[in-house]
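Below is one structure, written out as structure tokens; the observations come after it.
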Amino acid sequence: MVSLAHDIAREPGVEISVHEVSHRFDLEGAPLPVLDRVSFTARRGEFVALLGPSGCGKSTLLRLVAGLEPPTEGVVAADGARIDGPDPSRVVVFQDPTLFPWRNVRDNVALGLEAQGLLKQRGARIDETLRLVGLENFAKALPHQLSGGMAQRVALARALVNDPDLLILDEPLGKLDSLTRLSMQGEIVNLWRRAGFTALLVTHDIEEALLMATRVIVFSERPASIKADIAIDKPYPRHRDDPDLVERRREILGLLGLDASW
Amino acid sequence: MSLISIEAASAGAAPTRGLPSRETLTRAALAIAAGAAWIAFAFVTRHWPDAGEWGRGEELAQAAAGFGAALFLAGLLGGLWPRGAERLRRYTPWLLALGLFFILWQATTAKLALLPQPFFPPPHALVEVFVDDWPKLWESVVASLKLELLGFLAGAGAGFVVGVSLGWSRAFGYWVHPAMRLIGPMPSIAWLPIAFFAFPSSYSASIFLIGLTTGFPVAVLTWSGVASVNSAYYDVARTLGASRAFLIFKVAIPAALPHVFVGLFMGLGASFAVLVTAEMMGVKAGLGFYLQWAQGWAAYANMYAALLVMSLMCSGLITLLFRLRDRLLSWQKAEVQW
Ligand SMILES: Nc1ncnc2c1ncn2[C@@H]1O[C@H](COP(=O)(O)OP(=O)(O)OP(=O)(O)O)[C@@H](O)[C@H]1O
Ligand SMILES: [Mg+2]
């Protein structure tokens with residue numbers, strides 16, 4: 001009951017601040033610097049897209065924000081409190097769907113509620129969320145019976161069912177065909193606008209970032225540092241042919257060193 | 001012949017009307033040949049005089065003749081019940097081979113005495129054992145099954161717990177790993193002399209030995225299964241608020257289950273050897289003891305009968321374990337085949 005009261009009382013979303021974060025991995029004895037003094041703040045309810053070359057350290061940054069690993073240097077904080085471990089208010093949709101192959105779709109989506117002991121209280125959310133991602137007819141299917149795109153949608157549902165304050169998306173639409181991809185982009189944006197959580201989205205697709213985010217942060221090659229931080233003040237739904245967005249796209253391509261090819 | 005053409009018409013697959021297909025002919029021919037072999041076996045048993053004294057030849061001949069006649073008829077009338085005939089078709093080659101084997105067996109033992117006697121009893125001597133001594137055989141099976149299951153379940157349970165702990169706790173691994181490296185690979189039969197005086201009874205000693213044999217592979221494979229769980233599963237569960245217990249019971253163990261079953265199969269196979277040895281050496285019951293006893297009385301037919309029953313029991317247990325695996329691991333049918 002206490003948690004329910006808390007649910008109603010709290011404002012959705014969370015402020016995430018990344019302060020002077022550097023991170024190194026140990027690759028066969030030699031240190032591999034991956035993040036180099038990265039600082040930014042995602043305000044409550046903001047939708048921040050992270051763009052950067054492959055292997056620059058975007059997924060690593062998301063792991064730090066999720067609390068799966070502590071940064072080598074610097075601080076990551078949620079609403080001012082240092083993040084020192086994972087928490088179900090910050091959920092991740094990983095680059096791979098990583099569904100549990102021994103659980104059917106419904107039980108995969110139920111994972112978070114089950115782990116937090118909320119299955120009885122909020123179990124109805126599961127079917128609701130399955131409908132949301134269009135998989136209500138596949139509740140009993142096993143992961144190996146799904147297509148790649150369906151699996152990715154299950155992973156999305158598994159995250160959303162927890163009503164997170166922060167939704168961390170690591171190229172969640174990378175495996176979808178372009179049509180599903182478009183509709184899912186719209187779907188995620190609608191969800192975000194309705195629920196008001198803070199969103200961090202890693203993507204390779206500049207257009208996707210411009211269509212969805214309120215802000216795009218562009219990273220350099222590894223070790224990643226912030227090259228540009230661009231606000232996208234455009235109402236939704238956005239159109240890809242919008243001249244402002246086309247202009248932004250050219251700008252970002254230039255930042256990524258691809259201006260010549262497009 | 002008219003019956004065969006009915007069959008062809010009902011099968012509907014015949015290329016030309018009225019002519020039975022090649023498959024239909026093979027099916028009928030195989031069943032008829034198998035039936036003939038069994039009838040011949042019955043004839044040999046009944047009418048070719050034995051070179052010695054063996055009981056139950058009459059009963060065996062009657063049973064074989066009945067079975068042969070049934071096969072023969074099934075071959076002729078297969079067209080009336082195509083589905084049954086289809087199913088029978090899977091077994092007829094084996095039934096034919098068995099019928100021929102029995103004739104050979106009968107001829108070389110009871111009739112011509114080509115194989116040294118009394119070490120190679122004829123089929124009807126085995127029938128005699130089954131008919132006259134079944135209470136004792138049955139009792140032995142029950143005793144063996146009980147001992148085997150007690151030891152196997154205890155060992156599998158302990159091995160599983162040890163394996164999960166090894167995969168999860170560094171401190172546990174520090175102490176237990178060296179002990180397992182040292183003791184595990186040793187054949188557990190080597191413990192037999194010690195176990196028989198260290199334990200209050202030879203029965204509990206045998207449970208311990210069977211458990212040890214089962215436990216080692218189960219522990220090692222459970223451990224390797226837990227250790228090789230994709231760390232992304234843990235990441236997913238942790239970000240969703242999983243506790244340590246949830247990570248162990250809802251992530252690590254289900255993910256490791258395919259490995260655990262490999263260990264269970266290895267353990268079960270190895271435990272049969274220990275079961276029989278323990279029954280021969282100390283436990284005064286079970287199929288191993290029956291074998292020992294039969295050897296003491298030079299009752300060779302009883303030995304073969306006991307061996308046959310033992311092989312049925314072991315393969316039955318393995319089959320049961322396969323069923324359990326298929327049920328628990330149905331999710332990975334498309335993932336790994338082994
Ligand atoms: N656990 C690890 N141990 C060692 N090196 C790692 C580890 N995880 C990541 N790396 C290295 O860190 C670098 C950044 O990896 P990361 O996954 O963050 O890249 P990314 O920006 O997400 O790339 P992509 O867009 O291709 O997914 C890579 O060079 C990778 O080899
Ligand atoms: Mg990545």
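Numbers here mean position along the shown chain, with the first residue as 1.
Heads up, the Cβ atoms here are built off N, Cα and C, so glycines get one too.
Record features, source TrEMBL:
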- B:28-48: transmembrane segment (TRANSMEM)
- B:60-81: transmembrane segment (TRANSMEM)
- B:93-114: transmembrane segment (TRANSMEM)
- B:141-322: domain 'ABC transmembrane type-1' (DOMAIN)
- B:149-168: transmembrane segment (TRANSMEM)
- B:180-199: transmembrane segment (TRANSMEM)
- B:205-226: transmembrane segment (TRANSMEM)
- B:247-277: transmembrane segment (TRANSMEM)
- B:297-322: transmembrane segment (TRANSMEM)
Original post:
Do the transmembrane segment (B:247-277) and the transmembrane segment (B:60-81) come together with 3 or more C-beta pairs under 8 Å, pairs six or more apart in sequence?
Top reply: no
Original post:
Under an 8 Å Cβ to Cβ limit, what residues of the same chain, 6 or more beyond the ends of the transmembrane segment (B:93-114), are close to it?
Top reply: 30, 33-34, 36-38, 40-41, 44-45, 48-52, 54, 57, 64, 68, 71, 120-125
Original post:
Any chance the transmembrane segment (B:149-168) and the transmembrane segment (B:205-226) have 3 or more Cβ pairs under 8 A, given the pairs are 6 or more apart in sequence?
Top reply: yes
Subject >> Sequence-remote partners of the transmembrane segment (B:180-199) [C-beta within less than 8 Å, at least six residues beyond its ends] >> reply: 162, 166, 205-206, 208-209, 212-213, 216, 219-220, 273-274, 277-278, 281-282
